[in-house]
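As given in TrEMBL:
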- 8-155: domain 'Orc1-like AAA ATPase' (DOMAIN)
- 204-271: domain 'ORC5 lid' (DOMAIN)
- 302-338: domain 'Origin recognition complex subunit 5 C-terminal' (DOMAIN)
- 345-394: domain 'Origin recognition complex subunit 5 C-terminal' (DOMAIN)
Amino acid sequence: MFPLENVVLCRESQVSTLMALFGERHHFSFPSIFIYGHTASGKTYVMETLMKTSELPHVIVNCVECFTSRILLEHILNQLNCLTPSEDECTSHIACDSFNDFVRLFKKVTQDQGVDDQTVYIVLDKAEYLREMEANLLPAFLRLQELTNRNVTVIFLSQIVWEKFRPNTGCFEPFIMYFPDYSIGHLQKILSHDHPPEYSADFYAAYINILLGVFYTVCRDLKELRHLAALNFSKYCEPVVKGEANERDTRKLWRNIEPHLKKAMHTVYLREISSSQWEKLQQDDTEMGQLKGLSAHAHVELPYYSKFILIAAYLASYNPTRTDKRFFLKHHGKIKKASFMKKHEKITSLVTLQLLTLVGHDDQLDGPKYKCTVSLDFVRAIARTVNFDIIKYLYDFL
């Protein structure tokens with residue numbers, strides 16, 4: 001019986017392989033391990049759980065937060081300095097200017113912490129961002145065990161394959177491990193494990209089965225599905241709470257929850273509202289737009305080309321006028337009236353959805369003028385759905 005099977009679900013083979021690689025605490029482990037897989041495939045969760053449950057000396061660093069090599073190296077050293085915390089050690093900051101300094105300070109810190117005779121694990125989450133730092137950083141981490149002459153294993157967690165990661169100059173090859181996406185059966189098991197104690201496991205499993213039946217074709221992200229499950233469960237339970245149905249009335253429960261799940265499909269990945277606000281809107285659609293700080297566009301799935309119109313409107317609204325030619329103009333030529341009218345019709349629908357607002361008068365000779373009213377986070381989310389990097393076209397980020 002696998003000891004962590006009730007904590008780490010549906011990743012038994014990966015955990016077994018990792019534990020075999022780790023070996024005993026005082027054995028030399030593999031110098032570097034590269035773990036890749038899509039987002040929400042359990043990479044970070046498995047690693048955090050293994051490290052904490054096994055009480056292994058480790059540090060976990062997010063390479064998005066540590067966006068320069070100096071911040072990254074100092075963050076690792078300062079976390080290591082608090083493995084066996086004392087007030088003086090944790091309050092003193094370790095500065096590190098280069099990887100040579102890191103190697104020297106790593107030896108000192110591990111010796112001071114009393115872990116120089118056992119494996120120390122450095123986990124680099126979102127490791128693909130290392131490619132944007134100095135070229136020598138990745139090869140150095142891959143050979144850290146050799147450079148420090150210490151029992152240390154560097155674990156890379158990434159969403160991209162090793163072939164796109166490997167430096168052109170060559171490097172020490174890590175042990176490569178793949179975390180596949182969760183199957184629908186895995187998702188059913190994991191999500192059903194979260195059932196509230198006041199309801200039976202079978203009742204919650206039936207709800208998860210309905211949820212996956214609706215969302216699995218469009219969303220297989222465990223984090224998002226877990227969010228959706230928590231968000232809509234109270235609506236699923238409503239007939240039971242009111243005494244209109246019991247836990248076995250699957251058909252009646254489905255009819256009650258179906259329209260709400262279909263509404264929720266419009267906001268998959270776009271979390272502009274809190275759970276409480278969403279539940280309020282579920283009860284009364286007329287309140288849409290009346291909640292403070294809430295706009296109607298949180299519930300709208302835009303057509304493909306309307307997304308580009310909205311993106312262009314945002315750029316035109318928030319970039320200086322003098323940059324219009326730089327971002328928009330490819331060639332000179334007049335706009336035909338027919339094409340302008342079709343575009344005008346789409347823009348009018350975006351106004352109705354409160355995504356754009358009319359500025360000036362609509363009887364202007366050169367056509368009405370609009371301003372985009374959505375937030376940067378929202379337009380970035382829209383841009384991602386059409387594979388458009390909007391940040392590259394915003395003047396403030398150049």
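Quick reminder: no glycine exception, Cβ is built from N, Cα and C everywhere.
Sorting the domain 'ORC5 lid' (204-271) by DSSP state (H, G, I as helix; E, B as strand; all else coil) yields 50 helix, 0 strand, 18 coil. For the domain 'Orc1-like AAA ATPase' (8-155), residue counts in helix, strand and coil come to 71 helix, 20 strand, 57 coil, using DSSP.
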